[in-house]
C-alpha cells in the first residue's frame, strides 16, 4: 500500500510538473521578449524576498504534518480535528504578520535593488507580491491533511487545469497589454480562485474540518508541536539564508539584470529538480508510516534503496546539465544570456551535493528529527552569507555560488547523514559515507568522459549538434551506471519494487536483473 500510494502521488505530481514546466517555459520565452531581463530579474528577486517573509511560518506546517501521521494512521478523528483547528488559528496570525512585516520592508527596497534597470513602480509590484503571499496562509492549511493521508494525487486534474488557465491568461496579458503589473494581478486572481476551489473540495472530503470545537489541544500535544517548531524554525531560517539569498546578494552587489540572466538557468534546473524531488516528497508520508511501524533493519534497507535512486537521478541530471545547459540557453535565447563554464561547475556541484541530501532530509522529516541539528542551518547560513558577500566583490557571480558550496561542505554534507543514521536508522554512518564517496567519484568520472566525447563529435548546425549531445548524455551515463551497479543489492531491490508495482508486466525488468 505504501508503494502504491507513493507511486500515485509521484505519478500525479509528475503530470502536473511536466505540464506546468512546459507552460512556464513558453511563458518565460514570451516574458523575456516582451519585458526583458530587468523585469525577469525583479520577478526572481521579489520571489526570494517574499520567501524571507514566509519564515514567519516558522515550520508550524511541518511540525503539525508530522503530528498528523499517527492520528491519521489510527483514525483518531478527534485529535485530527484539534490539530487542524489549531493549525487554522496559527496560520491566520501568520498571514497577518507576513503582511505587516512586508509593509515595513517596502521602505528598504532601494537597498536590496542596486540597479533596477527600466523597471518602474517597484513598490506597487512588491505590494502585489505581498498580498498574494499573505492571503495564501488563510487558505492553504487544509492541504496538510490531504498530504498526511497520502492523497495529494487527488488534486492532480484541478492543479493542471488552473496551471493552464494561469499561463494562458498571463500570456494574453503580456501580448496585449505588455504590462507587468497586469501580469501579476492576473496571476493573483486565478490563484485566489484555485485556492478557494481546492479549499472547498478538501472540506467536502473531510467533513471534520467543518466541526467547531472549543476544546484545545492537550498540553502534551502542544508542547510536542512547540518543541518541533523551535527546532524546525532554525532549519527554516538557515535553509532560506542558504538557498534564498543568492538573488538578493546578486541584485545588491551586481545588478538586477544579472539576477534575470541567472534565473534562466535556475528555472531549468528547478524544473528538472522539481520532478526528482517530487518523487521523494511523495514518499515522505509513507516513510513516516514505515518509521512508526517497521523494524530498524527494514528502515535501513529502504533508506539504502532511496539513497541509490537519489544518486542515479541527481547524478544523471548533473551530467546532463553540465553538457547541455549552455548549448540549450544559446539556442533558446542567444550567447548574451550565457554564464561561464566555471560558474556552471560551481552551481552544479551545489546542485548534486544538495540533491544527495534529499533522502536524508526525507527520512529526517518523516522521523520528526529536528532538535538534534537545529543550529546547523544557522551556522551554514552565516558561513554562506559572509563568504558570498566577500567573494562576490572579487569573483563576481562565481563568488556568490562558491560561498554556498563551501558552507554546504562545512556541516550538512556530513552532519545530517550522521544524525539520521544514529537517531532514525540506529546504525553506523560509515557505510553511508563509503557509498557517498563511491557515487561522487562515479559522477565526476562520467561527467569528464562525456565532456571529452562531446568535444570529438561535431556536425554543422547547432540544432543537430544539440540533438547528438542529448542522445549521448541520455545513453552513456545510464549504461555506465547499469554496468557498475547492476549486481548491487540496491539495484536488485529497485528492480523488484518496480516489477511488483507494475504487476510483473514488463519483461525487460527481469532481464536487467
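Every residue, even glycine, has its Cβ placed from backbone N, Cα and C.
Remember, predicted model here, so these are calculated numbers, not experimental data.
The transmembrane segment feature in TrEMBL is assigned to 12-36 (among others).
Packing against the transmembrane segment (48-69) from elsewhere in the chain are residues 80, 83, 86-87, 90-91, 94, 97-98, 101-102, 105, 112, 126, 129-130, 133, 137, 141, 144-145, 147-148, 221, 224-225, 228-229, 231-233, 235-237, 240, 244-248, 285, 288-289, 292, 365-366, 368, 370: each is 6 or more residues past its ends and has a CB under 8 Å from a CB in it. As annotated by TrEMBL, transmembrane segment applies to 48-69 (among others).
Residues 45, 49-50, 53-54, 56-58, 60-61, 122-123, 126-127, 130-131, 133-138, 140-141, 248, 251-252 of the same chain sit 6 or more residues outside the transmembrane segment (90-112) yet have a Cβ under 8 Å from a Cβ within it. Annotated transmembrane segment per TrEMBL: 90-112 (among others), in sequence order.
TrEMBL lists 124-141 (among others) with the feature transmembrane segment.
Annotation source TrEMBL lists transmembrane segment at 153-174 (among others). Remote same-chain residues near the transmembrane segment (153-174) are listed as 8-9, 11-13, 15-16, 19-20, 23-24, 26-27, 30-31, 34-35, 146, 182-183, 186-187, 190-191, 193-194, 197-198, 201, 205 (criterion: CB distance under 8 Å, separation of at least six residues from the stretch ends).
Taken from TrEMBL, the feature transmembrane segment covers 180-198 (among others). Residues of the same chain lying 6 or more positions beyond the ends of the transmembrane segment (180-198) and with a Cβ under 8 Å from any Cβ of it are 31, 35, 39, 42, 119, 121, 124-125, 128-129, 131-132, 135-136, 139-140, 142-143, 155, 158-159, 162, 165-166, 169-170, 173-174.
Taken from TrEMBL, the feature transmembrane segment covers 240-262 (among others).
The transmembrane segment annotation in TrEMBL covers 268-293 (among others).
Residues or ranges marked as transmembrane segment by TrEMBL: 305-325 (among others).
Positions annotated as transmembrane segment by TrEMBL: 337-354 (among others). For the transmembrane segment (337-354), the list of distant contacts is 261-262, 264-265, 269, 273, 314-315, 317-318, 321-322, 325-326, 329-330, 397-398, 401-402, 404-405, 408-409, 413, 440, 443: same-chain residues at least six beyond its ends, Cβ to Cβ under 8 Å.
Long-range Cβ contacts of the transmembrane segment (436-458) within its own chain (Cβ-Cβ under 8 Å, at least 6 residues beyond either end) map to 311, 315, 318-319, 322-323, 352, 356, 417, 465, 468-469, 472-473, 476-477, 480-481, 484. If you look up TrEMBL, you'll see 436-458 (among others) marked as transmembrane segment.
Annotation comment: TrEMBL describes 464-485 (among others) as transmembrane segment.
Highest Cβ contact count with the transmembrane segment (305-325) among the listed stretches 12-36, 124-141, 240-262, 464-485 falls to 464-485 (criterion: pairs under 8 Å).
Counting same-chain residues at least six beyond the ends of the transmembrane segment (12-36), those with a Cβ under 8 angstroms from any Cβ of the stretch are 43, 117-118, 152-156, 159-160, 163-164, 167, 170-171, 174-175, 178, 180, 183, 260, 264, 267, 271, 274-275, 278, 281-282, 332-333. Panel annotation: around the transmembrane segment (240-262), residues 36-45, 47-49, 51-52, 55, 111-117, 119, 337, 339, 377-378, 380-382, 384-385, 388-389, 392-393, 396-397, 400-401, 404, 407-408 of the same chain, lying at least six beyond its termini, place a Cβ under 8 Å from a Cβ of the stretch.
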